[in-house]
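I have placed the structure first, in the form of structure tokens, so that the comments after it can refer back to it.
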């Protein structure tokens, strides 16, 4: 077959060329390919070199769009030993390291050509050579490197010519690495009948892209296909790095493994991969990929890209208010001020202002002025009055005024303030009220003097008041140690203007106040009088004087014996009278401590909230620890108030013990400090093996910087360790480094619990314990709660997360941040006024009415039992809090966890009685669990013990009698599921009583409300069946 025949073939199939051209044109626009040569786009002659001249022929035809189609063909199949070469022009490699050659060609089947079996071939060879510049017409085939032998996937025959069928082959070969500036390609024909329709040379790149708001430039992949090129991106305009953005360029030009990202800066939001400025009236306060927000009420902005909206005139934003909070204004004045006065106290009450300014942090201050008859002439009251609880920063809308003076006009100005009052230049609004104290009350006493003093006693007298307005009934004397002012005081009474006070400390200064009581009431307390008791020396001198008198009297002779005898009898009688009087006064004397009566022999538990200064409660109930005895080792977590670290505590004369140190974070508010110290004050009153033990507190002294910077960096950030330059390491001998000047941290030091919180511990060791081991854990928790209940405390946040486990698997109750002390009434409950409640663990009455009691703790204990037996599963699983509340109201209770004995689940159900008086006491729970531990075989037989527990509701309520399962479903309005139950084989009540929530889902009950109703009814059915079986009946 000659060249003319091939040319004729191509011309016959010319109508395919436009289609071919269009297809190759699409490929040339692949985004990750850079084309170096494409013969289909060359408008002029190619000018490729052929060797020999009569080998390859160039054929150029025009397609229907008048674009040239360059083709090279050769078909010297009749002659043997063909060696025809076709070489391209010099091709610049650009930035490529590896190139790809795409060839489109047709090839004639040798079997379709007669008489050429020995000379016809069906392959050709592809070669290349690298060069830094063009060789011109020089061509040395021996210098070329072979790339591959190219064979056709399809070849055409004479029949294809007749049927006008074009069989076009496409082959791609890769070449590399290319190190010089350019290269040549060469095609060797060795006796084939072939037409080279097009040649395209390209290399691959990872194209420019934007990912996660980061731009990545064009990148050339490495020659080695197994390695990736790491590319760091740059953030788009108005964006900033959150994590370093990276992509990896693969060998095929694909971007892989995106890491990091950029986020839109403040004032900008992400829209379709770029950051756009917030429109006027909108803002974005923090960098991130969230949308701009509309300005909150009473604020606006009129420019773009705003990070915070500005408050309108008269409105303000406090320093700690988030930008999303509406601007607020100071409140109006309080309303409806009223007073109530008696002999000793003046009570001021008022209503909240009509306009709170849009804030909840409302406080009040009371300013006192003394006015004469002319109310325009007033002066400050000074420090004579006492305000309970205080006169500034009041949260409640009332205050008690003490120590006021009779016959005085007092004007009280009550100011209302909130968090932005200090930002306003306008005067604080107030409401004033004038109170004239009672003219009938007696005036104050005159001067007070010390008649004599001993080591333990003081004899005092004073001037009666100038105006008593009636007979003086008695005097009330209040006294306390000067160094312990307002911490502890005692009082006594005397009918005369004198008193002998006994039971005092030697060489101690006491403060005395006296007020008068008449039929018309009390006077105010007098000014302070200071007197000091004697020391041992003065008492010895007095005793020596008495001895001298006795000796002189004895020498006087027998004649004075009768007189002396009479003298001693009279003296003895007087002393007996004085002692009797002192004893009577001692009985009447009442010792007061922070407003609580102290009775001998009865331990009283004091609510820390009754202390105006929380540090006073801490120092009374908790031991102050010298911080040099503490060594901090590492951070183990974060609590509500700050970080929690582990460390060691050195006790004098004992070995070091591991401890946990709870810290108060920097920038805390007074309320946070008070709550933080309150927890320590509560823990310090507990002493039980199942209650977390308080080792002590650090509130006074400076703290050594040992390991703090390395392990508790927030100390340094919070400014607790001002002046510390660098922490000193502990020496090899274990000695502590020199002291470093430091600030005043606040810490609570408790025993260290190696296994952490119970819920995490159980999840980590799922299935590792026997049932008796789990019951032992539950018994420890119940024992700790019994101790708290006996003391009159309500925990309010009992959950597995608040139970800590030590290395011996002893469980201890912790986290007393929500605890409240109860009054003497054993059925008393604590009512909260706000705050978050852990819905899944809290009793219904506590959720609905905020009424907490030991019975609500029993409900929470039932949830803890369920957590323990399920190895730390989340109660009520993925149900929302609202669904939990509704489900409990409808009677739903948690089913028994897998493998949970019936007796334990029945105890849970008993704890979850809706009527709180029917729930078991912790005493009964401990007793029941003790039975199980002593007799493990009773785990499946002690259900009856639960049903007869004290405070049990008694017999199970009457349950309707159903003949069929269908009747039962109809009674709970679930009759539509009869066929589901029948088809699944649940045809008897015995089978139904064993159904779980998974069984109910499996038979096709999809709606959650229907699932809850059926499960609740099954639980009631199960309890009823168990009860009648215990009574000897059968279902």
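These residue numbers are counts, starting from 1, taken along the chain as shown.
Yeah, the Cβs are placed from backbone N, Cα and C, and that goes for glycine too.
From a predicted model like this one, the values you see are computed outputs, not experimental measurements.
The transmembrane segment annotation in Swiss-Prot falls on one of the ranges 508-528, 529-549, 550-570, namely 550-570.
As annotated in Swiss-Prot, N-linked glycosylation site applies, among 396, 755, to 396. The binding-site residues in question are 636, 638, 644, and the one with the fewest Cβ neighbours inside 10 Å is 638. Most buried of the recorded positions 642, 797, judged by other Cβ atoms within 10 Å, is 642.
Separation of the C-alpha atoms of residue 642 (ATP binding site) and residue 797 (active site, proton acceptor): 19 Å, rounded to the nearest whole number. For residue 797 (active site, proton acceptor) paired with residue 638 (ATP binding site), the C-alpha to C-alpha distance reads 18 Å. Classification of residue 642 (ATP binding site) by DSSP places it in coil, neither helical nor stranded. For the domain 'Fibronectin type-III 2' (441-536), DSSP puts the residue distribution at 4 helix, 48 strand, 44 coil.
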